[in-house]
Amino acid sequence: MSDSSLRLVWIYPDLLSTYGDQGNALVVERRARQRRLNVTRIDVRSDQPVPTSGDIYLIGGGEDRPQRLAAERLRRDGGLQRAVDNGAIVFSVCAGYQILGHEFVNDLGRPEPGLGLLDVHSTRGEGARCVGDVLADIDERLNLPPLTGFENHQGVTHLGPTARPFAKVRFGRGNGTGDGTEGAWNDTVFGTYMHGPVMARNPQIADLLIKLALDVNALPPVDETWYEALRDERIAAATAAT
Ligand code: GLN
């Protein structure tokens, strides 16, 4: 962590914030402040350089054209790649997740290079768009409660050997490959198809990012009553929909 303040960088709210993605930034800020940590939030528009000194980077979902523009600008900028080289934590959602991989199919139907920060590549699904509630069990190494979310994507994401599945779906499609995997992660870079925004439903993910950034194993507990009620409600909804 730089100085005594956690630096939270939200990448490209002008292009990749179609699905209430600001919610994830708000939840990380709140969960940090509840632990009396100072947080500096930096919103980086797509015409601005990506700072390399952040601790946690968030990158959200978007429609196909803004996704291509975001990929082009991030590749050209290079700041996010340098930040990861410096040990930064990155959490990405849907279009952002695809951008962090090696390649995805853009709005023109062509392969678009990603940043190669996750060992995944995305193709365009031939079947129906993946839309709906999801319930998934997060990789047990991350020690997190079940993940609830909402997915909305056409892309199908294939994991390479150095990417681990972030979760395994109980309901929903996740990566869309039919193997039940959802999202991907390596040591410090995470990707998921979950909108929601995902951290409003699963704030323990925000805690995970904060712990990684601080290099600590635990944070002081906070009141989880509201989140637990929401999780129960969403699990019931996902179960009823199947
Ligand atoms: N355009 C991408 C897809 O459909 C990402 C969509 C999204 O971010 N929800 O796969």
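Backbone N, Cα and C atoms are what each Cβ position is placed from, and that goes for glycine too.
Over in TrEMBL, the protein carries these features:
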ACT_SITE  CYS94  active site, nucleophile
ACT_SITE  HIS195  active site
BINDING   ARG129  substrate binding site
DOMAIN    8-202  domain 'CobB/CobQ-like glutamine amidotransferase'
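Sequence features annotated in TrEMBL and their locations in the structure.
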residue	record	Cβ within 10 Å
CYS94	active site, nucleophile	28
ARG129	substrate binding site	13
HIS195	active site	23
### Query
Can you give the mean pLDDT for the domain 'CobB/CobQ-like glutamine amidotransferase' (8-202), rounded to a whole number?
97
### Message
Rounded to a whole angstrom, what is the C-alpha distance between the residue listed as 'active site' and CYS94 (active site, nucleophile)?
### Response
8
### Message
Distance check, please: Cα of ARG129 (substrate binding site) against Cα of CYS94 (active site, nucleophile), rounded to an integer number of angstrom.
### Response
13
### Message
Quick check: in three-state DSSP terms, what is the residue listed as 'active site'?
### Response
strand
